[in-house]
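Contents: one structure, followed by commentary.
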Amino acid sequence: MSTLRLLLVGTLLHAKQISRSPFEVAIALVVPVVQATLAVYLFRSGGEQHRLLEAAVGAGVMGVWSSVLFGSGGAIQNQRWQGTLEMIMMAPRRPALVILPITIATGITGTYALLATLAWGRLLYGIRLDFAHPVAFVVAAVVCVVGLGMFGLLLAATFVLMRNANALANTLEYPVWLVSGMLVPITVLPAWTVPVAAILPTTWGARALREATSGGPVWPSVALCLGISLICLLVGFLVMGRVERRARAAATLALA
Amino acid sequence: MKTIRLMAVGGTIAYRALFNWTTPGMFVGTLLVGPLFQLLFFAYLGRQLQVADDRFYIVGNAVLTASLACVFGGTMAVANERRYGTLGHVLLSPRSRTLIFWGRVLPYAGNGLLIAVVTLTVGALLLGLRIPLSALPGLLLAMAAGSLACGFFGLTLGALGLRFRDVWVISNVAVALLLLLTGVNVPADGLPGWMVTVGQWLPITHAASAARSFAAGEGFASAAPALGRELLVGAVYAAAAVILLKIFETESRRRASLDTY
């Protein structure tokens, strides 16, 4: 119970903190809307007007991933810059339990992106929000956000060691958008990307949302997204513990 | 000669001091691998939607990838001086402020050109685009013009950093808008008129158009008008950056707010 409370209070604290940052909010709101606009005009130019809702959802998921990616990298770096990383690591709970709320909070901030792209599409382009499975869409969105938050923990664990974690984050944005099939179907990508896509929770989260939008078996994708995310969480716990001990032993926590 | 030395040496020293990603791994990952995946993302999306052919996406996005280094670099040239508390020292220099800041843009424009060349080369090899050898000098020229215009665009945004607290929001939004408005990913006839008009006054739009002409095997005469327009856009931003820097510097001195956030 106390662990659950720690996670809930921590997530709320960090979600509040992120939502007070004009930079985070502006990026979470504006950039996905630009991406959604680009997707809408691209799909229109390609004669795919019937897939505009799918395009808006895809752009929203891209925004969620960006939020988690930059949030997880930035969260550790921000704690480092604020001088609070050592205090977090010295808390009488496992480091992963203290960091996980940060990464889940970045996922929750990312839902701004999903909501913004849907609202933008509805208001400006008149895209009807006719989801094939509305309830499944909400469930898939929640699983996707929480799942990406868990994946973020694994990223954060590796980011603790890196001085310029945000630079690595820059590198990972487009590859994951591409390989996960958020806008580009995986079927048009080279065959070698298929196994890479299969182990990413982003692939199954995006697929679940797409199937809930346009029709298809949503629940297997939801289950796979959740399953892979839980594995990421477990690996993230282990890696975070090892990385933390290594950083303490080398006295590089604040300097890494 | 002194002017050239000021711009070249000053720009190089500032680049080494202000550019954050100091390790080769970070440079390659952020500025070469990331943009390459950006190109692949839009090339595959374009293939799937059949909006335009591979040449359209590969050449256009290769030119656009320069914007990452140039816009953020140009912004960094001013904003990081302020962040590290050295802006006051720069503004105390007895040399021309215009030359100092224009010199700052040159290394980032070179960076952008390098990124565009690498992205085009690797992207073309991976996706099987054949570019005639005779087109290479023209392509290099178009990418250089785009990088330079983008660098001055970044410097203009950086100047806003003297007035606004968080200039990185502006830079991030600007980079995203370049994806949409420059016609690199959506052909101009697929965009509303006002977006096309705005795009005409942004860097990259005309450089991408010129580069596509060169890659298609058309001669210099065909690409020259677009190249000229790109250079004009760059010159407009170079002038705008100097004017804004002057205005905001004067205001910052008057209000004693140069280093405050």
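FYI, residue positions are counted from 1 along the chain as it appears here.
Here the Cβ of each residue, glycine as well, is placed from N, Cα and C on the backbone.
Listed in TrEMBL:
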- B:21-44: transmembrane segment (TRANSMEM)
- B:25-213: domain 'ABC-2 type transporter transmembrane' (DOMAIN)
- B:56-79: transmembrane segment (TRANSMEM)
- B:105-127: transmembrane segment (TRANSMEM)
- B:139-160: transmembrane segment (TRANSMEM)
- B:167-186: transmembrane segment (TRANSMEM)
- B:231-248: transmembrane segment (TRANSMEM)
What stretch in B:21-44, B:56-79, B:139-160 has the biggest tally of Cβ pairs under 8 Å against the transmembrane segment (B:231-248)?
B:139-160
By Cβ distance under 8 Å, which residues at least 6 away from the ends of the transmembrane segment (B:21-44) in the same chain are close to it?
54, 57-58, 61-62, 64-65, 68-69, 111, 115, 118-119, 122-123, 126-127, 184-185
Other than its close neighbours in sequence, what residues sit by the transmembrane segment (B:139-160), given a CB gap under 8 Å and a spacing of at least six beyond its ends?
59, 62-63, 66-67, 70-79, 101-102, 104-106, 108-113, 116-117, 120, 131, 167, 170-171, 174, 202-204, 207-208, 210-211, 214-215, 223, 226-227, 230-231, 233-235, 237-238, 240-241, 244-245, 248
